[in-house]
Amino acid sequence: MLWIWLILALLPFLLLKSAFIITILSLVGIYALATLGLNLIMGYSGQISIGHAAFMSIGAYTSTLLVMQYNIPVVFGIILGGITAFIFGILIGFPALRLSGFYLAIATMGFVVAIEQLFSYLEHITGGHAGIRNIPFPFLWNSDVEKYLLVFAFLFVAYVVADRLINSKTGRAWMAVRENEIAASVMGVNIAWYKVLAFAIGSMFAGIAGALYAHVIGYIAPSDFGIAKSLDLLAISVIGGMASIDGPFYGALIYVAMPFLFSRSNFSLSIIFGALLIFVVLFMPLGISFYVKIFRMNYFNALIAYLKKSRRPFGMFVQTPVGRIHYIKHGSGNIPVVLVHGNFASSRFFEPLIKKIPEHQFTVYALDLPNFGFSDELPGDVSIEKYVDALESFVKTLGINNFILLGHSLGGAVAMGYAIRHSKNLAKLVLVDPAPIFGMPRYDESAYKIIDVYRKNPDMIKRALMMNAPNYDDEEFFDRITSDALRMAKKAFIGNAKALADYNYIDKAVLLEVPVVVIYGDKDVILDYESMKKTAEAFPKGKLIVLKDIGHSPVIEAPEKVIKHLTDIVT
């Protein structure tokens with residue numbers, strides 16, 4: 001998303017000789033900003049507003065009068081215009097709490113008509129029906145590029161604020177209110193507070209957009225922000241996508257561009273725009289932004305995923321009966337340790353842990369399981385037992401004996417399978433937030449299709465990896481392991497998830513006599529305490545260690561604590 005903003009910031013410098021196009025782009029930004037506010041009110045909090053242009057009018061006239069009559073800097077004038085609209089949003093939001101649906105729509109429609117008539121009547125202040133001309137833009141050069149950059153700056157800040165709100169407790173409360181007010185209230189959501197907050201913030205965005213409109217165009221009249229403009233904003237929202245943060249941009253681009261695309265045709269613009277609106281409602285009910293995301297996910301993100309794949313192996317290879325396996329080796333100690341990674345991972349996943357393991361005491365082997373990283377792909381279906389076969393081949397080929405086996409997540413299931421087969425070759429078994437000994441739940445087929453979406457989306461993989469290690473903030477490390485995750489075999493994305501539901505070692509675990517330590521981060525968003533407790537208790541010499549305030553990946557977040565338990569076991 002950042003590269004899109006960068007392009008938008010640089011765009012006017014590529015169009016220095018096209019002042020008209022720069023002005024058009026400024027208008028796109030203004031309407032996108034106003035519609036973003038409407039989306040917060042309607043798309044996210046579920047309130048109907050057909051009077052949104054009234055807040056644009058309030059912001060426009062407030063900023064214009066302050067700049068022209070009191071010589072206030074234009075930026076402060078725009079901000080004060082937004083604040084004034086925010087206050088009016090609160091004043092309208094509270095009475096609107098008693099209304100909903102059709103009645104709220106009528107009330108907001110009445111408000112926009114009232115504001116238009118009021119500004120038309122106050123001729124000595126607002127210029128009446130004739131409006132105000134020659135609105136100044138007293139910046140450095142008063143150029144179109146400057147106007148665009150000012151619009152861009154406010155739009156960027158608004159998008160950041162909206163994104164943070166939507167993805168926070170506030171956004172979740174808005175969506176809960178939108179879906180079912182009674183259920184939201186039962187869950188402790190303050191309905192009145194969140195409704196008014198949405199109305200106020202949405203109104204502020206519209207107020208800022210109106211102020212920008214005044215200074216960019218240089219002329220405003222009450223009729224510029226009447227009921228017709230409110231309906232236009234509603235249409236922009238519907239076309240772009242109401243419950244979408246980027247929908248307003250697509251809708252505004254179409255709304256502003258259409259008059260110029262069809263300026264030389266004999267078709268009525270109202271008919272064309274109306275036909276487009278009907279088409280979107282009937283065939284693209286979620287708005288253009290949703291289908292842009294689908295296209296981006298299926299094609300553009302797939303290309304990005306391909307380009308982001310790791311290209312150069314960072315370890316060494318060994319040829320085994322199941323194929324070539326890539327691994328890294330660290331240290332020269334007398335105690336061998338084999339590390340088995342989880343899903344969406346590779347040997348590099350253990351990098352923070354390996355760096356802190358005393359190399360004079362341990363010799364560490366971290367492998368890429370087949371279907372992962374730079375190791376070969378396994379033929380046929382995916383199963384935990386096949387991964388156990390691969391680990392068995394790897395250990396036997398390298399001649400590793402009497403070693404400590406550490407498995408994380410899916411690698412925990414593989415490590416348990418190996419330990420049950422070859423307990424005599426193990427000194428200890430360490431399971432770090434492992435898949436439970438009885439397997440993961442079996443999900444509906446549609447849920448597995450969602451998992452397959454990760455295959456083409458590096459950002460989703462990276463966010464998932466970061467969510468599993470919330471206390472670790474090395475961005476470059478997450479970029480590296482994301483590149484490795486993209487090398488997973490196509491069939492493994494869904495295959496691994498299904499394989500985790502197809503094993504159960506609970507009956508065989510009682511035969512395992514080696515010491516077993518289960519390390520569990522209590523902030524794990526995938527596994528729960530009870531399943532980890534049952535896993536540890538299934539082994540005769542099992543022990544559960546709970547790490548406070550640690551997520552699903554202690555080997556990344558708290559390597560020292562994991563190593564401490566390794567050395568404690570050795571001692």
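Note: Cβ is positioned from N, Cα and C throughout, glycine not excepted.
As recorded in TrEMBL:
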TRANSMEM  6-36  transmembrane segment
TRANSMEM  48-68  transmembrane segment
TRANSMEM  74-94  transmembrane segment
TRANSMEM  101-119  transmembrane segment
TRANSMEM  148-166  transmembrane segment
TRANSMEM  196-221  transmembrane segment
TRANSMEM  233-257  transmembrane segment
TRANSMEM  269-292  transmembrane segment
DOMAIN    336-559  domain 'AB hydrolase-1'
Check your understanding: Do the transmembrane segment (148-166) and the transmembrane segment (196-221) come together with 3 or more C-beta pairs under 8 Å, pairs six or more apart in sequence?
Key -> yes
Practice item. Could you name the stretch, out of 74-94, 101-119, 233-257, 269-292, with the greatest number of CB pairs under 8 A to the transmembrane segment (6-36)? Key: 233-257
Revision key, fill the gap. Quick tally over 48-68, 74-94, 101-119, 196-221 of CB pairs under 8 Å to the transmembrane segment (233-257) gives the top stretch as 48-68
**Study point:** the transmembrane segment (196-221) versus listed stretches 48-68, 74-94, 101-119: most Cβ pairs under 8 Å
**Key:** 74-94
Point to revise | Long-range environment of the transmembrane segment (101-119) - Cβ separation under 8 angstroms, sequence gap at least 6 | key: 47-54, 57-58, 61, 92, 95, 126, 222-223, 225-227, 230
Study note, to complete from the structure: Under 8 Å Cβ-Cβ from the transmembrane segment (74-94), and at least six residues away from its ends along the same chain, one finds 54-56, 58-64, 66-67, 108, 111, 136-139, 150, 154, 192, 195-196, 198-208, 210-212, 215
